Amino acid sequence: MVRLREIPRTATFAWSPGAASPLIATGTRAGAVDVDFSNETCLELWDLGLDRQSTGEELQPIAKFDTDSGFNDLAWTPSEDNTRGIIAGALESGSLDLWDADKLINGSSDDAVISRTSKHSGAIKALQFNPRHSNLLATGGAKGELYISDLNNVANPYRLGTAARADDIECLDWNKKVAHILVTGSSAGFVTVWDVKTKKESLTLNNMGRKAVSAVAWDPEKPTKLVTATPLESDPMIYVWDLRNSHAPERVLKGHESGVLSLSWCSHDPDLLLSSGKDNRTLCWNPQTGHAYGEFPVVTNWTFQTRWNPHNPNFFATASFDGKIAVQTVQNTSTDTAQAIADQNQALDGEDFFAKAQTQPQVSSFSLPKAPKWLERPCGATFGFGGRVVSVNLVEKGQRASKIKITPFEVDEAVGQSTETFENALKEGDLRSICETRAANAATEEEKADWKVIQALISENPRKGLAEYLGFQDQSADEAADKLANLGLGKEETNGESPKESRGPGAKKHKRLQSMFDASPEADNFLSDLAASKGAKTNNPFHIFNGSETEADKGITRALLLGDFEKALDVSLKEDRLSDAFMIAICGGQKCIAKAQEHYFSKQTESPNYVRLLASIVGKNLWDVVYNADLSNWKEVMAALCTFAEEKEFADLCDALGDRLEEQIRASDDKSLRKDASFCFLAGSKLEKVVAIWIEELRENEQKALETAANDTSFSIHVRALQGLIEKVTIFRQVTKFQDTERTKESDWKLSNLYDKYIEYADVVATHGRLQVAQKYLDLVPEKHPEAEVARNRIKLATRQPTAQKTQQTTTGRGTPLNKPLPTTNAYQPQRTFSPVATAAAPSPYAPPAPTTNAYAPPAAATNPYAPPAAATNPYAPPAPASNPYAPPGAAAPPQPTNPYAPASGGSYAPTGYQPTPAPSYGAKPLGGSVPPPPRASNQSPATVTTYTTATNLPAWNDLPEGFAKAPTPRRGTPAGAAAPISSPFPNQSPSIAQGPPPPGAPPTQRTPSVPPPPKGTAPPPRVTSPPSAIPPGPTPPPNPYASLPQSPPQLNPGTMGVPAPIPRGPSPYNAPPSMPPPTNRYAPSPAAQAANPQLQARGPVPPPPQAAASPYAPQPPAASQYAPSTPPLQQGPPPASTSRPGTASSQKVTPAPATPKYPPGDRSHIPEDAMPIYEILSADMQRIKGRAPTSFKQQVEDADRRLNLLFDHLNNGDLLKPNTVSDMADLARAIQARDYEAARAIHVDILTNRTDECGQWMVGVKRLISMSKATP
């Protein structure tokens, strides 16, 4: 019941029609006195602004129109000719006024009045537009006048009924299903149903003695049902009528304490009815059942009108004479029940202690028992992972049965189609066609260039392809000669002589070549002369030494004669004879050539640039070109790399050149170089570098597309850009055979940005139903990537194939298992009943020998090697029942085989079978209220059991006590009303239920505490010695035969009269399987803590362990005789050793019975001096908290105080807490006193962790005290 808005007016009101933001029209209530005694009457329009957060400011009207009279009623209807509809006002003066709402809102008040008619001789009390024909308006008023007006002819309405009536029509309502039916209610008690079509009365209801009628309302769905209300203070009734029986009301709704003034039946849900009246209250009813759901916040004066919002029934408004119109919701956001649960579960940490309580308004609230009809969806749909939509539709309208349909769904079909096309092209392996298609359809030059470069990489010689892409292609010899001849040569430079005569085609020479080898005509015959035959003689003799040689000439000659080309080279280089040096080097081999080249390049400091390039090429040092060449010549550098770079250095050289281009981009902000850098990174297969550029281009292209897009959505634009990136990366990886070496790393990935895009793209294609494609790209992401791990799990769950599952074991009426998920016992083998003590029953000299094991019984199942150790036997459990000397043969059952599927004992949770207690005999007193009622049937199919390792709703150690939470409803194999087989000679005696091992997969049950709760009281033993009757079962459903026990049976006190063990049944093939032993509660308070709590000591007589379920075909046991011995001998075996904590001294000895406290609870006179600060500080702080805590936390504060008193009792008795713990608790108390809550928490955690045996319920109180004290200023 959240009050959304308040209109500060005493006025009648009407909601605006339509789905727009709701407006309310108000008209000053006739006869009402304002706070300032103003006589002003007006029509006002209010914008509630429910779409904006309330600022606490008082609402102001958006339109106002003064009138000459007050209003009794208002109505607002939609209209085709008027944008915001027409408002009709019923004035006290008898005038019917119509306004155009749109003109009122726009400020045209002078033109807003549509019409003003005065057909009524007195005040108009009520009016309403026809819900099916908005042009028809019914008005009723004084002297029984009832008019029907047509808005197309308002001046000429027609009247219904006779002209002479002394009563007034107080209310009216059009039928919601039959358009021409109208009902009116008068002050004389007449409820008349009119047929407007025939202009006659249809019938008149006997309104229970002609009591005045203040309100009427039709059922929104049933045309024959309506409700009426009486304004009498002595008899405030609401009558529900069915016109098929108009003599008496169908139902009477009683709840108002004074007269009812207004009714409003929700048009969206016929189960909701609002009523308001003179008792200042507004109630919500279910008129179909007569049940009152609850009441809304009470006001200070009469509530004379209440109305549902016609379009959004979540809101309604109520007008009262306290000068306010309250707009509120039908449901509260936080009910008292929810608040109580929240209070119990609140952690009480920090400022949350008060924050939550202070935000809850102290108002009445209630919660609807079922969802309103407009929230009951007849259909629904939800998006499922993997491009699926799950929809739910009714099989047939009006039925509750639904059908579920799963259909594929794609946000953008183009995305799915392009994904399929690309994946198919990849499977075919035609990468070149993909590149050509993408390059042809590229939106930008950069994208086109990328695809061209990738296409070049696909060629047989990628380097040659890259050089050709840059424009460096191989040339023929003639083309090279032509270009060389045209390098700036106009005339031959021949020292002023005319050019030599051409020597035929192909004789074009460079001027330098010509000057070097064209010195004399004899030079042409030089080579031919050298090639003379062996015997030929020439006429060109020469001297090796002619006497004019220099020393250098002589040295070179001698070296050549001796074949010492290296020495000859040294002399030539020393004399700077480079031409001779190169000729000698050619003869001397590669070593000499390298030496000559090195000397040559060292001398060419002022030589042309190509010499330095040649030096880098010859010296295989292209790094000089990469790092030092001007970036305007990056293409030439790249061509040189493609031509001369070694394979192992090529990628790094391209990477270095690309880095230089990126630095230039950052320095000059010239993004045109980005394409050049991308080329370098592509050529060098540097995926991490090129991906960064592509992602940046993706964002820019996406932004441009958003600015120019006409019909595309932002999602489609983004996905197309993302898909283009993924396609380029995928093709590039395949072409370059890229290997990601960082997939095993856990962080700091170089391709982190690409991994994010892979994950995003996988999510997109998965949304379009391509789960396999999504899985392929997720496999490219490192395994340790957190987001990829989540995405992989989703894909894995969505694509997993259903596996054959073992069906749950079910039992037929004869107890034969249909399936075998569990090891079964022999159907003809006697079953053993539950015994909390692991010792066997003592043999009886009168009992026959136990039957031998059936040779055909299945072998015992092996013990589960992975199960935890069995729970320690409860030291307070009764011993095994003694063998009955009168038991029939076969009563003693052999040991049952171990169930490998049963949950291991010793955990905090182990389900056991339901174990009812047999009715006491021999005059034993009846059981307390804590004993569960007997079951109604014993042939229920076993429920599945979830082991403690897989259960998800296991209770925690500090949860609510057992019994506070509702147990889950058990599943039944048979109806609840099925009769149980008779297992007792007395018809009213409680039957017992067989105890069997729970099958796997059953719902989790509650834990069995090791110490049972105290009995609710003891009663004297009954005097009747006849067989007692069973405890009558309550209205609760039959208990689950596999639910856990609410408590473990305590041990009988020595000296107390025992209850004889029930007679065991003989072997039967229909007995249920044996039960599991109950586990001990490792979270129960220690024995010392139990000793300090007097509530845990008193125990009433305890029933014996339950017996196996009786078979309807087994022989009936003999009736308990009153002459039987009152106390058969009890035999008890030695107590078993505890196994709950192996290896510790405390767990290997039997815990003694709790000792009686030395001093009564509440006594504080014996607290030692070293512990006195604990008591003084903690109790004082607790009193401070009590005085400042909000009332909503009263329960938590009292619980903390009670637990602290347990601590003080231990301190007073000097038990449980050891001296070092007392010292630590004193330090904790001083820390709380000093407001050092972190230190207090640290001490608390240390005690709780390392000294568990000294902790009890008081530790929870200390923890809560720390939290409360910190939250309390």
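Just so you know, glycine gets a Cβ as well, placed from its N, Cα and C.
Small disclaimer: the values here were computed from a predicted structure and weren't measured.
What Swiss-Prot lists as repeat 'WD 2' is 66-109. Nonlocal intrachain contacts for the repeat 'WD 2' (66-109), taken as residues 6+ away from its ends with a CB within less than 8 angstroms of a stretch CB, comprise 11-18, 23, 25-32, 40-43, 45, 115-129, 134, 137, 139, 141-142, 149, 151, 154.
Proximity of distant same-chain residues to the repeat 'WD 3' (119-159), defined by a Cβ-Cβ separation under 8 Å and at least 6 residues beyond the stretch ends, is recorded for 30, 72-73, 75, 77-79, 86, 88, 90-96, 98, 165-174, 176, 179, 182, 184, 186, 194, 196, 199. Taken from Swiss-Prot, the feature repeat 'WD 3' covers 119-159.
The repeat 'WD 4' annotation in Swiss-Prot covers 164-204. The repeat 'WD 4' (164-204) scores a mean pLDDT of 92 in the predicted structure.
If you look up Swiss-Prot, you'll see 208-251 marked as repeat 'WD 5'. Remote same-chain residues near the repeat 'WD 5' (208-251) are listed as 170-178, 181, 183-191, 193, 257-268, 270, 273, 275, 277-279, 285, 287, 290 (criterion: CB distance under 8 Å, separation of at least six residues from the stretch ends).
Long-range Cβ contacts of the repeat 'WD 6' (255-295) within its own chain (Cβ-Cβ under 8 Å, at least 6 residues beyond either end) map to 176, 214-222, 227-233, 236-238, 240, 301-308, 310, 313, 316, 318, 320, 330, 364-370, 372-374. The feature repeat 'WD 6' is assigned by Swiss-Prot to 255-295.
For the repeat 'WD 7' (298-338), DSSP puts the residue distribution at 3 helix, 18 strand, 20 coil. What Swiss-Prot lists as repeat 'WD 7' is 298-338.
The repeat 'WD 8' annotation in Swiss-Prot covers 382-407, and the record cites sequence analysis as its basis. Residues 766-771, 794, 798 of the same chain lie 6 or more positions beyond the ends of the repeat 'WD 8' (382-407) yet place their CB under 8 Å from a CB of it.
The feature compositional bias 'Basic and acidic residues' is assigned by Swiss-Prot to 490-503.
As annotated by Swiss-Prot, compositional bias 'Low complexity' applies to 798-817 (among others).
Among the features that Swiss-Prot reports, compositional bias 'Pro residues' is placed at 881-900 (among others).
Here Swiss-Prot flags 943-952 (among others) as compositional bias 'Low complexity'.
Feature annotation from Swiss-Prot assigns compositional bias 'Low complexity' to 967-981 (among others).
According to Swiss-Prot, the compositional bias 'Pro residues' annotation covers 1010-1052 (among others).
Summarising the annotation, Swiss-Prot assigns compositional bias 'Pro residues' to 1061-1080 (among others).
Annotated compositional bias 'Low complexity' per Swiss-Prot: 1084-1098 (among others), in sequence order.
The compositional bias 'Low complexity' annotation in Swiss-Prot covers 1108-1125 (among others).
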In the repeat 'WD 4' (164-204), how many residues does DSSP put in helix, strand and coil?
-> 0 helix, 23 strand, 18 coil
Per DSSP, what is the residue tally for the repeat 'WD 6' (255-295) in helix, strand and coil?
-> 0 helix, 21 strand, 20 coil
Go ahead and report the DSSP secondary structure tallies for the repeat 'WD 5' (208-251): helix first, then strand, then coil.
-> 0 helix, 16 strand, 28 coil
Could you give me the DSSP helix, strand and coil counts for the repeat 'WD 2' (66-109)?
-> 6 helix, 20 strand, 18 coil
